[in-house]
Amino acid sequence: MQITFLGTSSGVPTRSRNVSSVALRLPQRAEVWLFDCGEATQHQILRSDVRLSQIRRIFITHMHGDHIFGLMGLLASCGLAGNVSRMDIYGPPGLNKYLEACQRYSQTHFSYPIRVHTVQPGVIYEDEEFTVSCTALHHRVTAFGYRVSEKDRPGRFDVQQAVALGIPSGPLYGQLKRGEQVTLADGRVIHGQQLCAPPELGRKLAYCTDTIYCEGAVELAQDVDVLIHEATFAHQDADMAYQRLHSTSTMAAQVALAAAAKRLFLTHFSPRYAPGNDLQIDNLLEEARAIFAPTELAYDFLTYELPRHLEPERQTLSVG
């Protein structure tokens, strides 16, 4: 699981930051899941290691232009390239009508099926590896945050130890690999976890924008490995944050702290903090770290790989 930030500015692009988009790269299945798709996202993709042909799912947080104005162009380009078999898009009410209107008035024909899912709080997608859920955030329009949870993977089965214990190969191996308890012909009871390496714990990611501090964001981000949270304003500009229902850097840090997240990436910065201004983005980082130390500033094309975690060492089983 790799995160690539394709746009980290709020509202409008700047010389160094495009508007919102984050790519979640899943190399094990040759897929990319996109979160938001602001203007020029496909241009950002061309400048990155993300492959347009691998985009399989797109998750839209809300209907403001800096999060959706790149969507129609990206979908059209995928069709012209001819190497996308299907696209699933998830987002708030109105997203489907928006895309239908764009397609109708531009007379764009998609050569592949597109399915738009109108989301509601709860689980919105699940397969054998991942679960994606969403919850409502607090913004001027309907907005949702997303959480991606990777399922735990069983540890490697120790065939050599199984042979040394005299366990016959066949169906018993399958049961033990699944962690089940089996009874051998001689009466010995073997527990599957005693022959398997520690499971790999599934990794978790939460994406929260646009929103002011809210309990929904805290709930969504519980115990995640990475929280990506908007930080449109500095703490001294909190009045504007409350007026526009955006977060300050300190609000984002408070969400991460309350949720016991492992790492926080700030994004969606107002252009008012660009280099040369009295208050700059580095000041937002200082504010956040005073509350939640493992905080980083996102920037365009930053890539971060979520680390894997193992459960405590398994109990060893002696031979003899």
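The backbone N, Cα and C atoms fix where each Cβ goes, and this holds for glycine too.
With a 10 A radius on its CB, ASP66 (active site, proton acceptor) counts 22 other CB atoms from all the protein chains. What Swiss-Prot lists as active site, proton acceptor is ASP66.
Secondary structure from DSSP puts ASP210 (Zn(2+) 1 binding site) in coil. Within the same chain, residues at least 6 positions away in sequence whose Cβ sits under 8 Å from that of ASP210 (Zn(2+) 1 binding site) are SER10, THR61, HIS62, HIS64, HIS67, LEU137, HIS139, ALA143, GLU230, THR232, LEU245, HIS246, HIS268. For HIS62, HIS64, HIS139, ASP210, the entry in Swiss-Prot reads Zn(2+) 1 binding site, with the evidence type sequence analysis.
As annotated by Swiss-Prot, Zn(2+) 2 binding site applies to ASP66, HIS67, ASP210, HIS268, with the evidence given as sequence analysis. HIS67 (Zn(2+) 2 binding site) falls within a helical segment according to DSSP. For HIS67 (Zn(2+) 2 binding site), other Cβ atoms within 10 Å of its Cβ number 27.
Neighbour count (other Cβ atoms within 10 Å of the Cβ, all protein chains): 21 for HIS139 (Zn(2+) 1 binding site). Neighbours of HIS62 (Zn(2+) 1 binding site), defined as other CB atoms within 10 A of its CB across all chains, total 23. By neighbour count, meaning other C-beta atoms within 10 Å, the densest spot among the binding-site residues HIS64, HIS268 is HIS268.
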